[in-house]
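Annotated features in TrEMBL:
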type: BINDING; residues: B:640, B:646, B:680, B:684; note: [4Fe-4S] cluster binding site
type: BINDING; residues: B:684; note: siroheme binding site
type: DOMAIN; residues: B:4-280; note: domain 'FAD/NAD(P)-binding'
type: DOMAIN; residues: B:316-383; note: domain 'NADH-rubredoxin oxidoreductase C-terminal'
type: DOMAIN; residues: B:420-467; note: domain 'BFD-like [2Fe-2S]-binding'
type: DOMAIN; residues: B:483-532; note: domain 'BFD-like [2Fe-2S]-binding'
type: DOMAIN; residues: B:558-621; note: domain 'Nitrite/Sulfite reductase ferredoxin-like'
type: DOMAIN; residues: B:631-768; note: domain 'Nitrite/sulphite reductase 4Fe-4S'
């Protein structure tokens, strides 16, 4: 039975933008895309640890602000010629609320 | 001893004769060219793209100074010939010089026809024949307002579309019931009218100009029915008249134009004539293809080939208005012996009409889909019997001949003698042989060797397909580099279309220009955001989501995710209060590093993101604002101490630097802009490796620009000198505004200057006082909304979500 943690309203996140959820094991970046989808990744680019929450969101992807790696919001995988994965955190939307999977948060704590 | 050839006129026809002659025998003649225009030979048929902003003057040059020098041609630029003495075989120039000739070539061209109505000579009334006209039109368009174009023919419509694209309110006054009635039948004329109206051009057909109104400058046009159309600019585009006065004065036979035979000789066998000044077989030509045919014959005859003949040219017309595809050729008047085949699809805006006489094509009009223009024109020129394919003829080559639909295959199926380039009369076989024989691999080389696609460019696609067929995979078409993977358009196209289509938001740009992705990418979005901000400074709302993080949070992200903060120090000046505030901030927020930058200010490194608003608030309280150290915008104005302190200082360089920085801060530019002001030529502020640098001298200020000292090291180039600080600031602001309007996103000023040309930039911001003033004014308008301290805004709570987490699960865990 997955436990879900409420982190706030969908509308707290700017469209084509992101917010940070501070977590004990490291920050989580929560993204909202132009089509209204919400995704969450660990806020660390697999390349050199850049904060993905500061990147530009386009389609279902984000470009890291440090060296322009493009990371898929759906899988956390780097796109194109780059390889690496920013851990993906399952997201559930209940009404207007954003919930993150607690188990995934713990996994990164390990 | 080579024979002496004197050429009178330096337009496209004369230039082509010289090209042909040099290709045959570079040593046959020693050549002197008299050109009444001060410019070198340029491609006049590309004036419309220049007006529309799609090309610049340098793009349409045919022969530059180096070409004349390399071919040892004595070019007498800006010197008209006033007299020809046929007895002595000498010409006299307006400068009094006398030059003798063995052979003389008259290529005096034509003049625009001016309506004999009152007011036709008022300032603000221009024609559309040369670059001076285009410059006048561009200057008028920059001031905005209304334009009336008299004449709804090819030139008039291209002028109207260009002015409309430049933002003017344009009306075309046309005498006949439908547009381009000499080339188009009424149905195609109607479709064309509709397309022009969609571009915001008003068409007044069946309207005759009675008078042009105004006292000191044109204010309007009065029509025969008494109606008055207000106008700030009137363009007369009603036709041309051969320039034959010089020939007539020399006693040559002249009718409407200079009479020539099939050998291009005038009534004096030592005098040849080509181009728009010529009348051959009762026809005066105004299109480029026949001029080039004439040039080929004249060059052959000059070289001693007694067989070359000009027998007249059938001409085809294409309208050069972006987005309007129109092709017409031949004769399509109605007659009992003629039949026509018509295809009309009004919803798609396609209209095709082929006129047949005795099973042969004698005329063709294509509107909306002109892909088969060359094929129809080929049938027309050859007089091919089309009875076998008559049922499907109108559907074009692929259908009528059963050839496959693939355009490459259609080109492959063309016979070797099919004409590819109508302007230059180049056929497929010649192009294919030259590619193979000369080992050509780029479009530019094919243009240089064959002239195909070198004039109007409409056949570029066909030429590229031939290259692809001949070279296979070795051919990589040199296209415009697209902005990014989201579009095939280059930066310049996107920018032009933003202005022409008045696109004022990123979604509108992506929708109208057919973006291939739903939301763009990290390359195109910041570029579009900048272009929109620059082009619509009073209307466009900045899109923070399309800003790189540094410009969104107004600090520089560092490798560990902390930020650096650089307050402005105007001209590098600071004081104890500011320094104390910086020291306090560094201590209060545990800022680990404090460093002096290369731009004469202080960098606070390692600031935590959540501390940024508090750091800014403290700095604001001491009177400091953001230094935009992160911006594609004005960074610093570095100064030396100047005449206040320095024993060598000639002017108050520090004060001027402060003035420039206070005037220009906050402006967004394609890439970062760094400036410097040195008080004397010893140049302690290192102004000559900046984007813009001022060197003070006793007599005033030298303005330098286009330097760099980063990835590339580049010394600046001198732009101009001014006597006063005010003039200096006006020039710098105008220069910056021109760069803002023309630079591609992320293109530094020196790269823009390389691409555009220092002379062209100087002409715009120094020589043309009107243009400089209007650039300066646009900069001032843009600054009204740009000069807001982003730190103060954020201290007030703007974008607060940027600086606080959405939720803090660490606290949650601690509470449990």
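Glycine too: its Cβ is placed from the backbone N, Cα and C atoms.
Curation plays no part in TrEMBL annotations; they are all automatic predictions.
Of the two recorded stretches, the domain 'BFD-like [2Fe-2S]-binding' (B:420-467) does not lie close to the domain 'Nitrite/Sulfite reductase ferredoxin-like' (B:558-621), with fewer than three CB pairs under 8 Å once pairs fewer than 6 apart in sequence are set aside. Contacts of residue B:680 ([4Fe-4S] cluster binding site) defined by a Cβ separation under 8 A and a same-chain sequence distance of 6+ are given as B:646, B:648, B:649, B:650, B:695, B:696, B:697, in order along the sequence. The Cβ of residue B:684 ([4Fe-4S] cluster binding site) lies under 8 Å from the Cβ of B:640, B:678, each of these being in the same chain and 6 or more residues away along the sequence.
Within 8 A of the CB centroid of the [4Fe-4S] cluster site residues B:640, B:646, B:680, B:684, the other residues of that chain are B:641, B:642, B:648, B:649, B:653, B:678, B:679, B:682, B:683, B:685. There are 16 other CB atoms within 10 A of the CB of residue B:646 ([4Fe-4S] cluster binding site), with all protein chains counted. Residues in the domain 'Nitrite/Sulfite reductase ferredoxin-like' (B:558-621) partition by DSSP class (helix H, G, I; strand E, B; coil) as 29 helix, 14 strand, 21 coil. The Cβ neighbour count for residue B:640 ([4Fe-4S] cluster binding site), using a 10 Å radius and every protein chain shown, is 26.
Residue B:646 ([4Fe-4S] cluster binding site) falls outside any helix or strand according to DSSP and counts as coil.
In the three-state DSSP scheme, residue B:684 ([4Fe-4S] cluster binding site) is classed as coil.
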